[in-house]
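Noted in TrEMBL for the protein shown:
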type	residues	note
TRANSMEM	43-62	transmembrane segment
TRANSMEM	71-94	transmembrane segment
TRANSMEM	134-154	transmembrane segment
TRANSMEM	160-179	transmembrane segment
TRANSMEM	244-264	transmembrane segment
TRANSMEM	276-298	transmembrane segment
TRANSMEM	305-324	transmembrane segment
TRANSMEM	330-354	transmembrane segment
TRANSMEM	366-388	transmembrane segment
Amino acid sequence: WKLQVFYLCFYGFMTQIRPGESFITPYLLGPEKKFTQAEVTNVITPVLTYSYMAVLVPIFLLTDYLRYKPVLVLQSLSHISIWLLLVFGTSILAMQLMEFFYGVTMAARIAYSSYIFSLVTPSRYQRMASYSRSAVLLGVFTSSVLGQLCVTLGSVPFLTLNYVSLGFVTFGLLLTLFLERPRRSLFFNRSEGAGGEAVPTELDKMAGGDSGGGPRGWQDAVLCRMLREVGALARQPQLRLWSLWWVFNSAGYYLMLYYVQILWNEIYPTTDNRRVYNGGVDAASTLLGAVASFAAGYVKIRWTLWSELVIGMVTAFQAGLLLLMNTTSNIWVCYAAYVLFRGSYQFLVPIAIFQIATSLSKELCALIFGVNTFFSTVLKTIITIIVADKRGLGLSIHPQ
């Protein structure tokens, strides 16, 4: 299992090496593609939110039912499709299709984050999860630094960066093919548990101990029972508070992430690619996010007493940073606000995970995170339709 965990972490690192990712928006607005800012803001980018909304639930269920590996293969194929369309696509429809595949890759991240739980015993979950997350963050950091060095020091065109990214994601597909397909998963594939002496799970308890009816008995009903259980858990004040934070803050966070490159281009519309520092800013924000996530594990306060105050203070800080990003005409101030915004979000994420996961089985915990992510995606979609889409208000980047 140690070799499998090492390979999975190596896979997680390598699949994040996409040096062209930080420069997609200036690439679309630049001389290679020549799309207008209105087309990118109001026609192309909104498709990402709609795609993520459409595929989130099917991929969430298929990830467990198909035992992870097929969804990871789908993610790699989608990554290849993204960069093929970026390199060879010339129409708005091609870029919308690119954003669709981007949504698929985002939804499929659940397969990597949950895969590791099928490889190790529950006593090793926390440490192994930190290893896999660290591998991903290190990959994002390396990718961002590599992209920035190529652009600033090597004067590498954005198109060439996208060819390099295409090569890396193709290599990622090859790595995916050598992943071992687990025999068990969280919800649908429990009959082949290792050693046959697994501790009874929430699913087993809800099935009432009736194992003689075959697997179909609980497959048809248990998710409905678990959703009812989630509804009952929602009455717990702490769980409700952190879940609401997750829904609203995640929606705002990812909307900012989707559109921030357009804002940077509006504030600093340079024609010299060497003076575009998106990769360096992404690297700095990833590094600060990793430090903030790590530091959050050592914060010792009475969360039942101080949760509302901490959430209120951090959210007010984030709101101030967004206001600063929107009103400043200095690109470096905007960059700094972006880095701090991402760091503050990443600080609260592990705290929210811990507060939600406390006293829950891993099945219920996974389902609650899935429900929270679904509602966050619904909120993002509603906001996008009203605010960003050309069929809604179709606002430019600053009013957004």
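Quick reminder: no glycine exception, Cβ is built from N, Cα and C everywhere.
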Best-contacting stretch, by C-beta pairs under 8 Å, relative to the transmembrane segment (43-62) and drawn from 244-264, 276-298, 366-388: 366-388
Proximity verdict for the transmembrane segment (305-324) and the transmembrane segment (244-264), three or more C-beta pairs under 8 Å: yes
Per Cβ pairs under 8 Å, the stretch of 71-94, 160-179, 244-264, 276-298 packing most closely against the transmembrane segment (366-388): 244-264
Closest-packing stretch to the transmembrane segment (244-264), where packing means Cβ pairs under 8 Å, from 71-94, 134-154, 160-179, 276-298, 330-354: 330-354
Remote residues contacting the transmembrane segment (160-179) - C-beta distance under 8 A, at least 6 residues beyond either end: 7-8, 10-11, 14-15, 17-21, 23, 27, 69, 72-73, 75-77, 79-80, 82-84, 86-87, 115, 147, 150-151
Long-range Cβ neighbours of the transmembrane segment (276-298) (under 8 Å; 6 or more residues past either end): 19, 22-23, 25-26, 133-134, 137, 140-141, 144-149, 151-152, 261, 264, 270, 335, 338-340, 342-351
